[in-house]
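S.K.: Questions regarding the structure given below will be posed in turn.
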Amino acid sequence: IKQTPSFKLVSSVSTLFSMPERRPFVRLPTDVYPVNYGLRLKPDLIDFTFEGKLEAAVEVTQGTNQIVMNCADIDIITASFVPEGGEEINATGFNYQNEDEKVTLCFPSTLQKGSGSLKIDFVGELNDKMKGFYRSKYMTPSGEIRYAAVTQFEATDARRAFPCWDEPAIKATFDITLIVPKDRISLSNMNVVDRKPYPEDHSLVEVTFATTPIMSTYLVAFVIGEYDFVESQSSDGVTVRVYTPVGKAEQGRFALEVATKTLPFYKDYFRVPYPLPKIDLIAIADFAAGAMENWGLVTYRETALLIDPKNSCASSRQWVALVVGHELAHQWFGNLVTMEWWTHLWLNEGFASWIEYLCVDHCFPEYDIWTQFVSADYTRALDLDALDNSHPIEVDVGHPSEVDEIFDAISYSKGASVIRMLHNYIGDEDFRMGMNAYLLKFQHKNASTEDLWECLEQASGKPIAAVMNSWTKQMGFPIIVVDQEQVHGSDRVLKISQKKFCASGPRNGTYENCPNWMVPISICTSEDPSCTKMKVLLDQPETTVNITNVAPDHWIKINPGTVGFYRIQYSSAMLESLLPGIRDLTLLPVDRLGLQNDLFSLLHKQADMQEEKNRIERVLGAIPAPDLIQRVLNFALSVLTVIYTALCIQCKLSKQLYSIKQGNSVPFSV
């Protein structure tokens, strides 16, 4: 899923509040599992209901007289089990566990170990909740209100369309047939293999789709509605279509261009071909997220896919390019190889949120998209993760309802930022080699975060798991404190230390009782600001680094490209030495942006403001137009003062609310 810009704001605010208590949860039993779903659905676009028939090929791994499945907002009419070579056994009861969204099918005799067929007839509602199998309202060019039937199954809403084993690790193939009005377009994950009149009603047609690869239920999709489309083929022969509202086909051409460029890029990058014969991108009128990566049928909200060639601005084009790049990356990383459980969803989304920028930078280098990554995702993640009530990227998920509760801008933006840092630490060639090994080893299967670390570790020979665990399993990030000393003519010694950075100010304590990170640190000099002169792994609280052949009048900068996920505090002398690089613009824009952002972040308490203001003025004063800079500086400092005050109030309120929760009487004042 690609979240919308509004999600970023909401999730940033929600990070300030504690999460609700966790619900007890038990995953589905493993005594019966699906091999193939034969699914027939007949939606009614007038009454907003649907009829369904499921015939699932299953394996019984041990004798049982019940089958437990996921089911929500669905009424089962009949159910039976037919063992291979045996007689049909009708279920005698359906026990719904509504709170857990499960149903237990009870049988009068034991289902023996072996293969069989599970048959279920059921009915459901085309709901208006924008999840499961739901209705989407749109207006025709003539002004008439009509409805499409569409799906959104991630994380756990396939169970609202058909009874199923709705867990990502329980994969199967799907044979889908839709019975729909003959004047409507019907789409699913795979290409159409048969379309014929429905014998019981000549206004309907029966559309059958090819068998899918083995896949998770949350990636299944189907759409029935009225759409126009534009079509092309990628250079590697994949049919690409972009479906738009009727009359807006031209607004799909930019997304079509992006998709036809993106598919070959990912094929070459992963060294694994796209495994389906087609991919459809479709704009949905009512859609909750930004987009959803259903395999072969990617759904989007209209603003994330459509571009008016005459009126859309450059930022809209860049947004569409990023969203398309994000969802198509999932066709490999997430769909071909799927996380074993929702605990690992951060990696799925964090990886796609990083590689979407890599892809757009390749397809549209004129966008300078990495500078925008730093100004958007990277800085937002640093700001949020510096709060006292942040959370680790990777959080154990029990009940699937917790996915929405924990998955926020930390998971997306910090996840993308640490993957970007990891890629830089490993190097592109070894990273690609590890990704290829991971995709080939686990294709059509499930994997965990640790499986990816192992593949990258084998490809690079570096301690990937140890490094990444320090970033994903604990909240926060370090501030790197740097000082330098010129010795022996052209040798420079750097003294580097780390400590936890907190937006509320530095913490008292020794290195021994502070969290530590394994920090990949890159170093460049004024001799070539775009090239890394040295890389070190800071795996202890402090260290010294000797850099040779650095003239006394040359500057040294930590974190070229603003890739490392940490803040930097330079000594006054080092900061002064960087001013010529700012003044003559030899320091790259993304590095000037990172430097300015770090300096502003150090305004963590009122007593430090004048000192930090002087440091910032020296840096910004190196840029022309001092009057403008001074106005910007004064405004920024006033905003930071307000934010600091607000954080203090929020902290005090949190303490009072906690005290009240403990049963204490506290006056509600600040």
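The chain as shown is numbered from 1 upward.
Cβ atoms here come from the backbone N, Cα and C positions, even for glycine.
Pulled from TrEMBL, these are the listed features:
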DOMAIN    34-219  domain 'Aminopeptidase N-like N-terminal'
DOMAIN    254-471  domain 'Peptidase M1 membrane alanine aminopeptidase'
BINDING   HIS326, HIS330, GLU349  Zn(2+) binding site
ACT_SITE  GLU327  active site, proton acceptor
SITE      TYR412  site 'Transition state stabilizer'
S.K.: CA-CA, which of the recorded positions HIS326, GLU327, GLU349 lies nearest TYR412 (site 'Transition state stabilizer')?
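M.R.: Spatially nearest to TYR412 (site 'Transition state stabilizer') by Cα position is GLU349.
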S.K.: Determine the Cβ neighbour count for the residue listed as 'active site, proton acceptor': the number of other Cβ atoms within 10 Å of its Cβ.
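M.R.: There are 29 of them.
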S.K.: Take every residue in the domain 'Aminopeptidase N-like N-terminal' (34-219), average their pLDDT values, and give the whole-number result.
M.R.: 96
S.K.: Within 10 Å of its Cβ, which one of these binding-site residues (HIS326, HIS330) has the largest number of other Cβ atoms?
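M.R.: Counting every other Cβ within 10 Å of each candidate, the maximum falls on HIS326.
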S.K.: I'd like the number of other C-beta atoms within 10 A of the C-beta of GLU349 (Zn(2+) binding site), please.
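M.R.: Cβ-Cβ neighbours of GLU349 (Zn(2+) binding site) within 10 Å number 23.
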S.K.: Between the Cα atoms of the residue listed as 'active site, proton acceptor' and GLU349 (Zn(2+) binding site), find the distance and write it as a whole number of Å.
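M.R.: Between the Cα atoms of the residue listed as 'active site, proton acceptor' and GLU349 (Zn(2+) binding site), the distance comes to 10 Å.
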S.K.: Note down the number of other Cβ atoms within 10 Å of the Cβ of TYR412 (site 'Transition state stabilizer'), including every protein chain shown.
M.R.: 27
